[in-house]
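Novice: Features from TrEMBL:
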- 201-312: domain 'FAD-binding FR-type' (DOMAIN)
- 46-66: transmembrane segment (TRANSMEM)
- 87-107: transmembrane segment (TRANSMEM)
- 127-144: transmembrane segment (TRANSMEM)
- 156-173: transmembrane segment (TRANSMEM)
- 431-451: transmembrane segment (TRANSMEM)
- 488-508: transmembrane segment (TRANSMEM)
Amino acid sequence: MEILAVFLFLLFLAWTYYARISNDFKKLMPIKSLKLDLWQIKYLRVATRFGLLAEVCLALLLLPILRVLPIFQLIGIQFEASVRYHILLGTSMIFFATIHGASTLFIWGVSHHVQDEMWRWQKKGRIYLAGEIALVTGLVIWITSLPQIRRRRFEIFYYTHHLYIVFLIFFLFHAGDRHFYMVFSGVFLFGLDKLLRILQSRPKSCILSARIYLFPSKAIELTLPMDPRLKYTPTSVIYMKIPSISRFQWHPFSITSSSNSDNHTMSIVVKCNEGWTSSLYDMIQAELDSDAGYMNCIPVSIEGPYGPASLDFLRHDSLLLIAGGAGITPFLSIIKEIASLSSRRYRFATRVQLIYVVKKSQDVCLLNSVSSQLLNQSSTQFSLNLKVYVTQEEGSNATVIGLLNDFSLVRTVNFSTKCSNYAVHGLDSSLLMAAMVALSSIKFLVSLIFFNRIFVPTEMKSSASQKMVVPSENKASKEKTPSSVVDLLLLASFIIALACNTFVAIILRWKRLKKDIPAASPKQGNKAIELAGSVEASTVDEHEIHFGGRPNFQDILSKFSDETGGSDIGVLVCGPESMKESVASLCQLKSQGLNIGAKGKKPYFFFHSLNFTL
């Protein structure tokens, strides 16, 4: 369905461009201000239509990254996956806009009108200078969002991405209000989504406790307070900001807990490598190393949780979970969810195999939170088998139980909650979100009509009284109202609609906080070192560990299908893209064809790709 939608979109772009260009070439008109040859006029029309293609991409650009108003999630595409459509649309938009701008500058150059046209801020029509500013701003946003910069200099990517406000304003002045209506729905929904997310992250919550996995692993498990009525699905993601580290940076983390097993707290695991995560580790470590016996409160802002609307991807006969490095975090919540619901007669997989690929054996410590499910399976009604592959270490006699014992030394810290005792309550209902969108749209239309009646009366009446007004007088009356005034009225209506809706949302949030949102359970800020005891051997000694090589996924899939004997096997992968592509191709290959004459049913592998980071 996604491939079909992309194909139809590309077909729509090609058909629209061909239809417009064909019509333009039939009705070529010379431009009075520019003395151009016939080929120059045609090339200028080609450049203009490329600008319209960029406009179409801009109309859809902001829809995939909506979080509170998840349009793409309604059709089954999760936020982490929909971001790639945002990237593709943004790249296409910049490509078309660059051709549009560069071609226009080229025509001005060959006709010797660059100086005259480039700096024009004319009263009527398209404002050229505004278009140039919008193009330069878009190029800066696109260049700083390339993977080479985004992954190494996230701060640069994050801050320059907020130039979208400058880009949209100058696009409005360049294209005019009529063209802006084409992209208005996406911009309007994004603005409303942004304001609702800001409100959702306030007031600030706090970190209840932290479990620090001691060197050399450098990982932290954070526990946050949660409203008992909040229910989230496995693989859900929250966005967290810690103002004491950065006042602007938001970072996504997979929730590693289950709302069915613990309805008062939620937990996340942070692998501290560099940048923001390293600052978090150093901040907590510095507090632990200080002489003070009291741990200060650490306020945090939380958005989410955002996750899949259903658990259909877990309702297979058997599950094969494949994780690489920090990609283990979504699977921790899945294992806890299945363990908590397996005793309640829910239809979930009864046999689960976890393949965990790591560079160093110390990364096995991330499995600490599910050690009870791994090693005490007699108390659960599902079978969980673990296979660990350590790729950058030579062979060893170590076992899974031994590694868990070696890296089970953690330092648990309880923080004070005096600065904020607010529990995370999640998103508002979908019905309320839909009502806010409808209310904001009505306010926008009312404001726009009101402003046009007052400030642009001649243009409002010109079409109705065209026969009663002399054409020359009608034209003169229109020229009294510059294009920028109409654009400013549209912008003012947009701001008023969002401001009124924000005011309503603040009142609803205040009433909810005052009435029925529970506070976080108070904690005494103190330091404590928890030395986890030795883990006893599992009653089912099926866990394996392999050193010095990567897993052979073809053998793993074959053996797992033989062991389970099921015809419905869900394969969930979270890790590097190369790993996902390899497993996906094998799943497709092994699920092709019919098993005619064979005993039993042919196993079918359902591939699911998960993301733990953007």
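Just so it is clear, glycine is given a Cβ too, placed from its N, Cα and C backbone atoms.
Nobody curates TrEMBL annotations by hand; they come from automatic prediction.
It should be emphasised that the depicted structure is a prediction, and the values quoted were computed from it without experimental measurement.
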Novice: If you count Cβ pairs under 8 Å, which stretch among 46-66, 87-107, 127-144, 156-173, 488-508 touches the transmembrane segment (431-451) the most?
Specialist: 488-508
Novice: With Cβ-Cβ distances below 8 Å as the criterion, list the same-chain residues six or more beyond the ends of the transmembrane segment (87-107) that contact it, or say none.
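Specialist: That would be 34, 36, 40, 43-44, 46-48, 50-51, 53-54, 57-58, 60-61, 64, 114, 118, 131-132, 134-135, 138-139, 141-142, 145.
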Novice: Quick test of the contact rule: Cβ under 8 Å, at least six residues beyond the ends. What residues does that give for the transmembrane segment (127-144)?
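Specialist: Sequence-distant neighbours of the transmembrane segment (127-144): 90-91, 93-94, 97-98, 101, 117-121, 150, 153, 156-157, 160-161, 163-164, 166-167, 170-171, 173-175, 483-484.
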Novice: Residue counts in helix (H, G, I), strand (E, B) and coil for the domain 'FAD-binding FR-type' (201-312), per DSSP?
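Specialist: Secondary-structure composition of the domain 'FAD-binding FR-type' (201-312): 15 helix, 40 strand, 57 coil.
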